[in-house]
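Working notes for the structure below.
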Amino acid sequence: MEVEWLLVIHGLVTLLVLISFLCGQWPIFAGTFIQKIHFFLTFGACDYFRRFVGAVFGQRGSNALFCVEYYCCDRPNPTLQVIYLGIIGASYYLIVQSAFKYIPGHYLGEVHRYISLLAVGGGILLFLLTSFSDPGTVNAGNVSHYLSAYPYDNIIFSEKECPTCKIPKPARSKHCSICDRCVARFDHHCGWMNNCIGEKNSRYFMAFLLWHFLLCLYGAVAIALVLAGRLKELRVIDILTVYYGFEKSFSSLAPHVAVVSGGPPFGFCLIISISSPVASSQPSLSPCSPILLRFPEQRLEILMSYFLWDGMETRSFIWLVGRNSQLLSIMVVHSNSGIVNLIVREVAIEYRDMLTEKGTCAERGTKYGIGSINGCSDKMQKDNFMR
């Protein structure tokens, strides 16, 4: 319930900020807190920050801030271009590291490894075309061509001279103060592209926007299918509906899927800890083993049902049992699969041999490579296990 309320509050705050930013200057919101939020987002925050820097660092701090503002906002610079490439590169790297291990999966084929690379590459190509192509610079050599291509209508556009370039301004052109040039069919100066958007590169810019919209949509669907495939492979829905009796509906299962899975990092550690091959007589313990040991015991049944212990050596499983003897009883009580029952039987036999073998608990634990055996401290617990 707390998660649902947090999502509702997050959605309302996001909606309030969006409405205030886009519509706060409308007359209907005059004198309201929405207008105040709009002022803070557009002017107030920057002004308050300037005052803070001036109060703390004096005139030197204010001058340094104005220099940074001039370079970043009033002159061409590659800052936002570098940030864009960093975001794209880091996002793709994280996806490769976290999601590619599950591709191919239940719903996605291996081809999506290459489709994703082409999709990101296409976006970067459009970014480069928009950034480094001529937007349609108007100068003394080609101004006559643009004057004939874009005649004045004497309603919105009339004959004027650019006071900076000292040439006639064709209709729909504008002088960009950042790039210090006149641009035909000027739309705006894009800081992300470090270039003006005008007659000759507006098609690249629109293609860039559309491509990245489709890229985000494709990424969201692909990640959703990866997660859905993992839920299918680990039989999470079956466990929640059959073992715990939850209704098979999105509203009923969604909160519990997040809780049961423990998040992607825990799932990754769990897979390593359980399915790691063991080459020596000592069980291969993952660095994630402490996470397993701290996992709440009431969820151990779910963890058991996630895996059929394929490829897991008996000694590694015994190590888990030795640290928490409740695991074995859960497997015996709740397993309906013949394969699982067979594994449980073999584990029980070897665990019994460990308990009945001569020597102290420490000696037997050392021999079997598990340190100490839970439930092996005295004869009474051994007899209870045998019964």
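Just so it is clear, glycine is given a Cβ too, placed from its N, Cα and C backbone atoms.
Predicted automatically and left uncurated, TrEMBL annotations should be read as such.
Under DSSP, the residues of the domain 'Palmitoyltransferase DHHC' (158-234) split into helix, strand and coil as follows: 32 helix, 16 strand, 29 coil. Residues or ranges marked as domain 'Palmitoyltransferase DHHC' by TrEMBL: 158-234.
Outside the transmembrane segment (7-29), and at least 6 residues removed from its termini, the chain residues within Cβ reach (under 8 Å) are 35, 37-39, 41-42. Per TrEMBL, the feature transmembrane segment maps to 7-29 (among others).
When Cβ-Cβ distances below 8 Å are used as the criterion, the transmembrane segment (82-102) is approached by residues 108, 113, 116, 120, 123-124, 127, 192, 219, 222-223, 226, 229-230, 264 of the same chain, each at least six residues removed from its ends. Annotation source TrEMBL lists transmembrane segment at 82-102 (among others).
Residues or ranges marked as transmembrane segment in TrEMBL: 114-132 (among others).
Here TrEMBL flags 204-228 (among others) as transmembrane segment. Note on the transmembrane segment (204-228): residues 95, 99, 102-103, 105-108, 112, 115-116, 119-120, 122-123, 126-127, 129-130, 133, 187, 190, 193, 197 of its chain, located 6 or more positions outside it, place their CB under 8 angstroms from a CB of the stretch.
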Same-chain residue ranges lying at least 6 outside the transmembrane segment (114-132) that approach it to Cβ under 8 Å: 81, 84-85, 88, 92, 95, 190, 193-195, 197, 201, 204-205, 207-208, 211-212, 214-215, 218-219, 222
